[in-house]
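Participant: Relevant sequence annotations retrieved from TrEMBL are reproduced here:
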REGION    B:1-25  region 'Hydrophobic'
DOMAIN    B:31-89  domain '4Fe-4S'
BINDING   B:Cys48, B:Cys51, B:Cys56, B:Cys72  [4Fe-4S] cluster 1 binding site
DOMAIN    B:105-134  domain '4Fe-4S ferredoxin-type'
BINDING   B:Cys114, B:Cys117, B:Cys120, B:Cys154  [4Fe-4S] cluster 2 binding site
BINDING   B:Cys124, B:Cys144, B:Cys147, B:Cys150  [4Fe-4S] cluster 3 binding site
DOMAIN    B:135-164  domain '4Fe-4S ferredoxin-type'
Amino acid sequence: MSAATKAIEAGHIWTFPGGIHPPERKDRSNTTPIEVLPLAKQFIVPIKQHSGPVGDLLVAVGDNVKAGQPLTQVGINNALPVHAPTSGTVSAIGPGRIAHPSGLTATVITIDADGNDEFYSFTPLADYTTLSRAELLDCIRQAGVAGLGGAGFPTAQKLALQRPLDYLIINGVECEPYISADDRLMREHAQTIIDGTEILLHIAGCEKALIAIEANKPEAIAAFEALLPNYPQLALRVVPTKYPSGGEKQLIQLLTGRQVPSRGLPIDVGLVMQNVGTAFAVAQAVLNGKPLIERVVTVTGDNIAKPGNYWVRIGTTVAELLNQCGFNPVADSKQEQRVIMGGPMMGFTLPDLDVPVVKITNCILVPSNQELAPAAEEMNCIRCGACADVCPAQLLPQQMQWLAKAKDYDGLEQQNLFDCIECGACAYVCPSEIPLVHYYRKAKAEIRNIAREKAKAEVARERFEARQERLEREKQERLERHRKAAEARKKAQAEAVAQGGDNPQDAVQAAIARAKARKAAQAAAAAKQNQEGDDE
Amino acid sequence: MTVVTALIVLGVLALAFGLVLGFAAVRFRVESDPIVDQIDALLPQTQCGQCGYPGCRPYAEAIANGDEINKCPPGGQATINALADLMGVEAKPLDSAHGEEDVKKVAVIREDECIGCTKCIQACPVDAILGAAKQMHTVIAHECTGCDLCVEPCPVDCIDMVPVPVRPDNWQWDLQQIPVKNVESSH
């Protein structure tokens, strides 16, 4: 065992560069148990709630569905299905506003709840330890489990990468201020999370898991400490409170001292990471056969009367959720109430409150203007360098901001823009209130777009060349055909002549001779007439 | 005598170096992109012919032979700048005689009006229209370059050029955040 591995085993906690300590404000929502809210009357289920292709529709308007019934299927493009959140009738399928910062629409399935909340019959797997990896991955995929930490990457796809693994890391850090959904889940469902972790270990073919929790969650730590002595393959790691220690690359650096290579994946350094919520969802899928149709959402902020954590069915609209929690929009008529999906650092302001809660929604934040000041006027960069000090990815935010404003995309790639995790630490410390992350996101979208256009142009060029080639080939073939036909004709004639038949060439010659004779006769007749005329 | 020695020595040296250089020229030949390929790679490959040449590659050949670099409306100023960089000439604004820079578009056939004449299929430079004689035609949207060449031949004018829709996955982050609309709480 190498020294580094020994240090990991001994529970050494490394550190990562930069990071900030914003006010946590988690105590508003983490003191009460997770509550179950009354069912909404209508649910809006977007068919794409994860990263990757969308599934094919399985239902039509007017169909009756039961809770947990798949609405889309895996299909040929290996998509992630979505499920009905409750029993009811499909009332519409079509474009609808989704929870996306653009406020654009995507295909959504609207379900009118019948209020009975009847469940689809689930078939739990038999003892999972006897099942093959492929069967378990299929079960997780069919249950629609995506990474609940934020990115929504399909869990089965992440686990399907078959590479030797040193550790599975279960991420219970939840470092972003205000959010306490994972904290409450760990306190109340530590056993289920451990069961899920064991299943994940079994699928990944990995020996050991590290469960990471931030030091500001003593109750969750206690809940795991009480259970872990029975599980020698699981180890608890308490990481110091700092934002963004819950970032995948940052947490790996904290727990193992390893660095994920630029544009690489944790599996490149022998690790795989899953969120505690995902571990919980995997346990539900494998042990109970239950698909992912609800998640814990933190609803918090000064303008919420009943802040706390709630079990929310996927597809519940934000407006409905806020009404249940006592929503007091800001009274000032000049200032509209902001509603943020996600936390204050990485979340985005919702364009509209009729958008649904999706698999990756961990928090709805309704701040007053005192606690979270609205975006102020951007001022000039004073080159203080505070952003570079706090960047956890050791990038140069100030430099990247200049390049992004100048649209120098080559320069941005040289500055490793794509290593930016968009944590927002730079914008948080910026004394000039520059929305740095916005500039990076825009530049990233632009660079991706250019790459897409380039790939498309390449395809167009290939197709154009293929077409030119085809046209040329067809032309040659046509000429060849004509040539062959002419040859065959000549040959047939020659044969006919040889056999004593009429030579068409003779007929032509004869016709020419006849024409000539006629012309000569006409000329002679005319000459004669002229002569007669002269004689008179 | 010394003159002869000098001549022989120099001759032998010249021969030896000549051989070394000749060998190096063959052995270490650098396969560089011919300039036409490099220019072609910068052009947008819409094959629209707005430059006056039948496709992007012919225009690339023309540029290599000294034609102006500002005749490509689909590429716009970005392409002109890239071409100016490559050719070592001054970037200039787009020549409006060849058209204006426009948003990306895609051809859409109004299928119930299509009479199945196959004229658009023959016009499409990238084979992005599917159909057969007296059968309805349709555009393979993701292969369409928006070149406009199918619109003119259509005898029933059933082809529209529509801007490529913005979807969440090709959306460009807006620096101006969309303001939040207030939803009155209903209790």
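Any Cβ shown, glycine's included, is placed from N, Cα and C.
Any TrEMBL annotation is an automated prediction that lacks curation.
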Participant: Name the one residue among B:Cys114, B:Cys120, B:Cys154 whose Cα is closest in three-dimensional space to that of B:Cys144 ([4Fe-4S] cluster 3 binding site); these are the binding-site residues.
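Facilitator: Of the binding-site residues B:Cys114, B:Cys120, B:Cys154, B:Cys120 has its Cα closest to that of B:Cys144 ([4Fe-4S] cluster 3 binding site).
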Participant: Looking only at the domain '4Fe-4S' (B:31-89), how are its residues distributed among DSSP helix, strand and coil?
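Facilitator: Helix, strand, coil within the domain '4Fe-4S' (B:31-89): 29 helix, 0 strand, 30 coil.
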Participant: Calculate the distance in Å between the alpha carbons (Cα) of B:Cys150 ([4Fe-4S] cluster 3 binding site) and B:Cys120 ([4Fe-4S] cluster 2 binding site), and round it to a whole number.
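Facilitator: With distance taken Cα to Cα, B:Cys120 ([4Fe-4S] cluster 2 binding site) is 5 Å from B:Cys150 ([4Fe-4S] cluster 3 binding site).
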Participant: Could you tell me which of the binding-site residues B:Cys51, B:Cys56, B:Cys114, B:Cys117, B:Cys144 sit with their CB under 8 A from some CB of chain A, listed in sequence order (or 'none')?
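Facilitator: Near chain A: B:Cys56.
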Participant: Report the same-chain neighbours of B:Cys72 ([4Fe-4S] cluster 1 binding site): residues 6+ apart in sequence with Cβ closer than 8 Å to its Cβ, ordered by sequence.
Facilitator: B:Leu43, B:Pro44, B:Gln50, B:Cys51, B:Tyr59, B:Thr79, B:Ile80, B:Leu94, B:His98
Participant: Taking 8 Å from the centroid of the Cβ atoms of B:Cys124, B:Cys144, B:Cys147, B:Cys150 as the cut-off, which other residues in that chain fall inside it around the [4Fe-4S] cluster 3 site?
Facilitator: B:Ala107, B:Cys120, B:Ala123, B:Pro125, B:Val126, B:Ala128, B:Ile129, B:Val139, B:Thr145, B:Gly146, B:Asp148, B:Leu149
Participant: Which binding-site residues from the set B:Cys117, B:Cys124, B:Cys147, B:Cys154 come within 10 angstroms of B:Cys48 ([4Fe-4S] cluster 1 binding site), judged by C-alpha positions?
Facilitator: B:Cys124, B:Cys147
Participant: How many Å lie between the Cα of B:Cys154 ([4Fe-4S] cluster 2 binding site) and the Cα of B:Cys124 ([4Fe-4S] cluster 3 binding site)?
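Facilitator: Cα of B:Cys154 ([4Fe-4S] cluster 2 binding site) to Cα of B:Cys124 ([4Fe-4S] cluster 3 binding site) measures 12 Å after rounding.
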Participant: Measure from the Cα of B:Cys56 ([4Fe-4S] cluster 1 binding site) to the Cα of every one of the binding-site residues B:Cys114, B:Cys124, B:Cys147, then give the nearest.
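Facilitator: Minimum Cα distance from B:Cys56 ([4Fe-4S] cluster 1 binding site) across B:Cys114, B:Cys124, B:Cys147 lands on B:Cys147.
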Participant: Where's the emptiest Cβ shell within 10 Å among the binding-site residues B:Cys117, B:Cys144, B:Cys147?
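Facilitator: Fewest other Cβ atoms within 10 Å, among the binding-site residues B:Cys117, B:Cys144, B:Cys147, is found for B:Cys117.
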Participant: Looking only at C-alpha atoms, tell me how far B:Cys117 ([4Fe-4S] cluster 2 binding site) is from B:Cys124 ([4Fe-4S] cluster 3 binding site), rounded to the nearest Å.
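Facilitator: B:Cys124 ([4Fe-4S] cluster 3 binding site) has its Cα 13 Å from the Cα of B:Cys117 ([4Fe-4S] cluster 2 binding site).
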